[in-house]
Amino acid sequence: MSYPRTTTSAAANPYVEFDRASWSRLAASTPLPLTTADVINLRGLGDPIDLAEVDVVYRPLSGLLQLYAAATGALHRATSTFLGERATRTPYVIGVAGSVAVGKSSAARLLRELMRRWPQTPRVDLITTDGFLYPNAELRRRGLLERKGFPESYDRRALLRFVAEVKGGADEVSAPLYDHVTYDILPDRRQVVRHPDVLIVEGLNVLAPARARADGTASMAVSDFFDFSIYVDARTRDIKRWYVDRFLKLRRTAFANPASYFRRYADLDDAAAVAKAEEIWESINAPNLAQNILPTRGRATLVLTKAEDHRMHRMRLRKL
Ligand SMILES: Nc1ncnc2c1ncn2[C@@H]1O[C@H](COP(=O)(O)OP(=O)(O)O)[C@@H](O)[C@H]1O
Ligand SMILES: CC(C)(COP(=O)(O)O)[C@@H](O)C(=O)NCCC(=O)O
């Protein structure tokens, strides 16, 4: 009897890879309960995603996640029976990671809307980790105002506690909220999460590994509570272009708001705005991507890679 020959490295590759066409053929019977108007409403500034892209990328993803969530629920119930415990419902937790300006928020919002339309999981909550950034005053005190988005700029303990409590079935847990306009935490508003069927946690660093404690032992990481995780990937030079293009657009929208922290950038001409955006990108977002975010890509269950026109062209799903 002969077996197919595989090299050791191919056998050890934990991912199975799809191109756009082969991915889109998966889960042909999964419905797509969204309209063009929904997609326009959900997409982020500068993200050209349309219903055709949602059909090709998110319909199969939605089918796959239904399968995973159902299997995880069944395992949870079987485990409770084995342990002689009363089966409690626990939310299915999904992490969405990737660079600033890669389009994580569009992806996370689309997933939320698709999953809300499944009969098994009508209650889907989405939180973004920016709510756990320290307020600007605290960042200033710690000398971290120029490091927003770096792991140390977040209250990681509070974020970990939040995700652990939601996963643990707490009735009501609340998270702080970040405001891009004032560039700070909103002092008197919080997002309340009440026992969702699914929790999506979106942010730059959600796949960061656990930190070592002073005594050398590892603490836990938020990703320890994830049932599934997605890394939205693209070439760094493409993401930089999307960041700069978005910055130019923000001049006429968010920056023009008198309350905007970036009000001073609203009147910059194109050349000055490009220079400013490139300066912020090169000093903050590019180093954070290279040092902290990209190294976590290999921890994701699914890596979705965008081409220069924002369309997903490669999907890698962990099979090991
Ligand atoms: N300075 C800003 N002012 C207003 N909105 C912003 C600003 N920067 C980013 N945003 C918005 O915040 C959301 C998250 O952005 P970001 O963290 O870059 O992640 P991503 O682009 O991957 O979704 C996006 O919808 C974006 O349009
Ligand atoms: C708010 C962010 C840190 C992203 O937060 P996330 O929700 O991904 O944790 C980022 O969008 C940001 O504003 N970075 C600061 C550098 C800049 O102005 O681009």
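Even glycines carry a Cβ here, placed using N, Cα and C.
Curation does not apply to TrEMBL; its annotations are automatic.
Over in TrEMBL, the protein carries these features:
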{"type": "BINDING", "residues": "G98, S99, V100, A101, V102, G103, K104, S105", "note": "ATP binding site"}
{"type": "DOMAIN", "residues": "93-235", "note": "domain 'Phosphoribulokinase/uridine kinase'"}
Cβ-based neighbourhood (8 Å from the centroid) of the ATP site, residues G98, S99, V100, A101, V102, G103, K104, S105 excluded: L204, V232, I239
Which is it, of S99, S105: the one of these binding-site residues whose Cβ has the most other Cβ atoms within 10 Å? S99
Restricting attention to the domain 'Phosphoribulokinase/uridine kinase' (93-235), give the mean pLDDT. 96
Do any residues at least six apart in sequence from G103 (ATP binding site), in the same chain, have a Cβ closer than 8 Å to its Cβ, and if so which, in order? G44, D47, I49, V232, W242, K306, H310
Counting other Cβ atoms within 10 Å of each residue's Cβ, which of the binding-site residues V100, A101, V102 comes out lowest? V100
Using DSSP, break the domain 'Phosphoribulokinase/uridine kinase' (93-235) down into helix, strand and coil residues and give each count. 45 helix, 43 strand, 55 coil
Checking the binding-site residues G98, V100, A101, S105 against ligand 2, those whose Cβ falls under 6 Å of one of its atoms come out as V100
Could you check the binding-site residues G98, K104 and say which one's CB has the most other CB atoms within 10 Å? G98
